[in-house]
Every structure is written in C-alpha cells, then in structure tokens.
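Chemist: Features from Swiss-Prot:
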type: BINDING; residues: Ile83, Leu84, Glu92, Tyr193, Arg246; note: L-tryptophan binding site
type: BINDING; residues: Arg103, Lys189, Tyr191, Arg259, Lys261, Tyr263, Gln345, Tyr347; note: substrate binding site
Amino acid sequence: MGSIEPPNASSCLVYQTITEFADFPDHDQKLWWHSTAPMFAEMLKVAGYDIHSRYKALGLYQKFIIPFLGVYPTKTNDRWLSILTRYGTPFELSLNCTHSVVRYTFEPINAATGSLKDPFNTHAIWDALDTLIPLQKGIDLEFFAHLKRDLTVNDQDTAYLLEKKKVGGQIRTQNKLALDLKGGEFVLKAYIYPALKSLATGKPVQELMFDSVHRLSHQYPTLAAPLRKLEEYVHSRGTSSTASPRLISCDLCDPRQSRIKIYLLELNVSLESMEDLWTLGGRRNDTQTLAGLEMIRELWDLINLPTGILSYPEPYLKLGEVPNEQLPLMANYTLHHDDPMPEPQVYFTTFGMNDGRVTDGLATFFRRHGYTHMLQTYRDSLRAYYPHVDHDTVNYLHAYISFSYRKGSPYLSVYLQSFETGDWPISSFGAPILEPVSKKMCRGHPVSFEVPLTKQQVVASE
C-alpha cells in the first residue's frame, strides 16, 4: 500500500489553476500570491465554500488586493511595517470556526506610503476603497469618513509630527480594511488607530474616540445609549486602569445598519480581567451573557494563557524571529442601533504560545460542543497551511482566538499567521536559485523562518 500524502495547501486545485492563468504586473505581487494564496485556498475549502465562491474570492484577492500589499517582505528590504502582525506584515487570514466564515484583513499600501507624500500611510486606503466599491453593492463610507476625519492625521498634523520629530518608534499604522466572505459576496469593514492623531493633538486616544462617536450619535441617536454604557464602564475603571481604548472599527454599509466597535487593550492578563471585560464590570448579567461567561472560563482552562501584567511589546519582530513574548488581552464592544447595551467580544492572545497545545485546546472545545467538522479538519488544515514546520514546537501560528456569544451560540474565530504558506520553504521562492524552474515559479527570496531544508528536498521540489 502506498503512503498517505500529508496535507499540503500548495496542492489545492483552485490555487494551482489560478496560478496557471494569473497575470502578475511585478515580481512582488507574484511573491505575495505564492506566499499567501495556498493557505487562503485551503481555508476556503475547509470552511465549505462552494467552488465558484472560492475562485471568485481568490481571483478578487489576486487582482485587487495584492496590488495594495506593497513590496514583498524579506529580512533585508525596506518596507512599511504594519501593526496587523508582530512581524509587520500587512495581511492576515482568520476563520470563524463555529460558523465557517473566512475573513482577511490588510493594511492598504501604495507607492507613496512612507514617503514624504504620505509618511504615515494616511491616504492609500482611499485608493483601495476606490478599487473595491465597484466590486460589491451596498458599500457606504459615511461612518468611515466621519471617523477617519476625526481620528487620523491631516496634512497639518503630519507637518507638525515631522517638524517636531514626534514619531520615533511609534506604531504608524492608522487604518486597515477587512473583508468577511459571505458566499460569493463580501462585507467590508474598516479599522482606525488614533495613536498618531493623539500624538499630534495632545488629546488622549480615549477622548478622541468617544468624542467622535458622540458627534456621530447626534445624527444617529440609537448609538447614544450603548455608547454611554461603554463610556461609563471605561471611566469606572479609574485613571490607573490597566484597560484603555486602542482602536475603533465600523461596517462600510448603510449607516442605519452599520455597527461601531470600540476596542480596549487590557494589560492585566487574568481570567478575572477577562470576566470583567465580558460583563462590563457586572453591568451585563443576563442569561446569554452568563452562558457565554461559562464558555470563556472553559476556554481559559483549555488554552491556559500565562497570567501577568503585560505591556504591548516593541519594536516589531524581525522576519524569522521566533517569538519570546506574550501580548496583552483585548476586547471589543459593538454598539448596535437596537440594543442599549454594548455587545462584548474577547480575545485570547495566543501569539508566542505552543501552537500544538493551542490546537489541542481548540479540538477539545470543538468536541465538547458538537463542532464535528472543525474537530475533524482543524489540525490537518493547520498542517496543510504550514507543511514544513514542526507543529510540536512552533509558537507563532495562532495570533488570537476571539470569542463572542450571540443568539445562544458561540462565535469563535482564529487569527493565523498568513505568510510563507504551503510549499514556500522548499519551492523556488524559498530556496535561493537564480532562474525560474518553470513558468509558475520566479526567482526566490530566502525563507524567513528556519525549517529543516536539505539539498535533496530542494532537488525533489524542482
């Protein structure tokens, strides 16, 4: 009997087929495709998207998103560092495991990003939106335009920050986009980080964010009640609170349906802190909240996050650097038009933890709660995304696990390292060769993460 082939995302037919016919305007775009598309294609398949939706999603990604990812990251090149990942890479895939929804987030980057024309990447997002709006009905920018005007730097702010040399090691990302893939359609979301605006104006991030949403609630009064509740909770934590507002997001749809989400960073990594975030300090105590709380306690035991007071680490990790760090907790609160109470979502920050143990914890959760498909596929899919890493020791694949509880059902998502996937480490992309070995390949860059790589493996891959 022949041996069973181990799972490998580079074998995904949709990825291979698009590769045959795709036109890449430059070398960087080709590298981005072969680094990320195997995992993307495999994730869509595992999540149960039909073949037409998979081709459409990957085709859109190849043609319209990759051009906004900038130069392909290597250990030596000069590139824009994005807050999206600890390695500064501007693209991340995530999977809602309980409802089988794939999403990806990216920070739009263009030729002006980081230059004197746009030193803080304020404007590239508009070019990306101009590209995406014709592709999906119903995109509306009203909430985004309001928040962006209030919370990202304008030309005057930019000149001030440059003149006073205010921005040293400060994280420079100001905005990013996410696409939730629903069948053959997508739902677009935007995220804004006001840290640079705070630096330019001298106003705290918390004040900037809440004031902006307050002004928005004058036009949309249904946002006022949940905003007041959230603001009350944040203020009740006091001036020495370990939790603070960090970013804000909105749906790019009809403002009457668009949700505002306000994110808090919690430096005290403990179950007690997560319980406080989930219940808004005891303000949420309904049956659904308490049912979700029991699952949070279960996940806490299964994932076993190390506890302690943690700051967000600086600077970025170098490509290929194995993390020796842990991130603070995070939570977001959705302001719904029809609910006076903010809806919480909490984040288990698993980056830096052993991915095998994280996977074991998730598998136990899937088994206990009847998510049979995920139980049967999750471990193999992770191995397919990264077939050349040691899954017993690797500790940088799971960045976050998010949890919320709605309408009697858990919503659990994983946010995963999405870089150098599939056969990248042993292909002509990962191995330093001078010329392409086929029309599918191109001159390679050194692989970022160390993997066992023998001459025989390279020859076999050719």
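Quick reminder: no glycine exception, Cβ is built from N, Cα and C everywhere.
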Chemist: Measure the Cβ-based neighbour count of Arg259 (substrate binding site), defined as the other Cβ atoms within 10 Å of its Cβ.
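Modeler: If we count other Cβ atoms within 10 Å of Arg259 (substrate binding site), we arrive at 17.
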Chemist: Take the C-alpha atoms of Tyr347 (substrate binding site) and Arg246 (L-tryptophan binding site) and report the distance between them in angstrom, rounded.
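Modeler: Between the Cα atoms of Tyr347 (substrate binding site) and Arg246 (L-tryptophan binding site), the distance comes to 14 Å.
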Chemist: Expressed to the nearest Å, what is the distance separating Glu92 (L-tryptophan binding site) and Arg103 (substrate binding site) at their Cα atoms?
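Modeler: Between the Cα atoms of Glu92 (L-tryptophan binding site) and Arg103 (substrate binding site), the distance comes to 9 Å.
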Chemist: Quick one: Cα separation, Gln345 (substrate binding site) versus Ile83 (L-tryptophan binding site), in Å?
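Modeler: It is 20 Å, counting Cα to Cα.
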Chemist: Could you check which of these binding-site residues, Ile83, Leu84, Arg246, sit within 10 Å of Tyr263 (substrate binding site), going Cα to Cα?
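Modeler: So the list reads Arg246.
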Chemist: Could you state, as a whole number of Å, the largest distance between Cα atoms of any two of Arg103, Lys189, Tyr191, Arg259, Lys261, Tyr263, Gln345, Tyr347, the listed substrate binders?
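Modeler: Per the listed residues, the maximum Cα distance equals 19 Å.
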Chemist: Let me make sure I understand the span of the L-tryptophan site: among Ile83, Leu84, Glu92, Tyr193, Arg246, what is the greatest distance between any two Cα atoms, in Å?
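Modeler: Of all Cα pairs among the recorded L-tryptophan binders, the widest measures 19 Å.
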Chemist: Going by C-alpha distance, which of the binding-site residues Ile83, Leu84, Tyr193, Arg246 is nearest to Arg103 (substrate binding site)?
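Modeler: So, of the listed binding-site residues, the one sitting closest to Arg103 (substrate binding site) is Leu84.
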Chemist: Within 10 Å of its Cβ, which one of these binding-site residues (Arg246, Lys261) has the largest number of other Cβ atoms?
Modeler: Arg246
Chemist: Measuring Cα to Cα, how far is Lys261 (substrate binding site) from Tyr193 (L-tryptophan binding site) in Å?
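Modeler: Cα-Cα distance, Lys261 (substrate binding site) to Tyr193 (L-tryptophan binding site): 12 Å.
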Chemist: Can you figure out which of Lys189, Tyr191, Arg259 (the binding-site residues) comes closest in space to Leu84 (L-tryptophan binding site), comparing Cα atoms?
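Modeler: Checked the binding-site residues Lys189, Tyr191, Arg259; minimum Cα distance to Leu84 (L-tryptophan binding site) goes to Tyr191.
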